[in-house]
Ligand SMILES: [Zn+2]
Ligand SMILES: [Zn+2]
């Protein structure tokens, strides 16, 4: 189960049918296609209504937070009512960007938290160089009953603990396979088994040995293998656990798609 992918951001000449076919051959059961702006959220919903093994989220990436407004909010509210939309995001804060400014990102993030609470869907959070502010905004707002996930988690154990205490899951990407990611592997080895997920974030962040190439869901087993090895678990049984976690968080029924 790829808990975070962007099939609609793949380079031209990689149709979703082909990418999905390869991924299914590699054992993928389902994937969550994550919206990053208005157009891409619509595309995600379209993918999810076209392919039974795709689920969608709707949200505005913090890098585009200046585009947030009432009209977009109304459209997300409407899209969130579609049966195959399973979460709100990706949203959050990315202070590695100076533009949009922090305050603009925080306004969009706060609005997404309220939207998720209103529609009762979990949040998909993108957090980079901004854990303190993300945690304080989450504490200042009522959260949905299934709070959500920190996607592509790259924080340390202190940040992991705070996210877990707030009821969130942590999703690990191909970064965990990188040679210099010793600290992240240590974090991944300590997260309770029922609180983690795995993702590609494709087309970005291809795992070793594909690092630097266009990432795709069929590469997910490489990330799973490294996660299993640092946790001293069997990759197949870890895959089952992570599949269960993802289904539970997103309230999806992959046994009976559609
Ligand atoms: Zn992200
Ligand atoms: Zn993403």
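For all residues, glycine too, the Cβ spot is worked out from N, Cα and C.
Listed in sequence order, the residues of the same chain lying 6 or more apart from residue 6 (divalent metal cation 1 binding site) and placing their CB within less than 8 Å of its CB are 33, 34, 36, 40, 201, 202, 203, 204. Among the features that TrEMBL reports, divalent metal cation 1 binding site is placed at 4, 6, 90, 201.
The divalent metal cation 2 binding site annotation in TrEMBL covers 126, 151. The Cβ neighbour count for residue 151 (divalent metal cation 2 binding site), using a 10 Å radius and every protein chain shown, is 27. Look at residue 151 (divalent metal cation 2 binding site): DSSP puts it in coil.
If you take the Cα of residue 90 (divalent metal cation 1 binding site) and the Cα of residue 126 (divalent metal cation 2 binding site), they are about 6 angstrom apart, rounded to a whole number. A sphere of 10 angstroms centred on the C-beta of residue 126 (divalent metal cation 2 binding site) encloses 24 other C-beta atoms. Ranking the binding-site residues 90, 201 by how many other Cβ atoms lie within 10 angstroms of each Cβ puts 201 at the bottom.
Calculated from their C-alpha atoms, the gap between residue 151 (divalent metal cation 2 binding site) and residue 4 (divalent metal cation 1 binding site) amounts to 7 Å.
Cα to Cα, residue 4 (divalent metal cation 1 binding site) and residue 126 (divalent metal cation 2 binding site) are separated by 11 Å.
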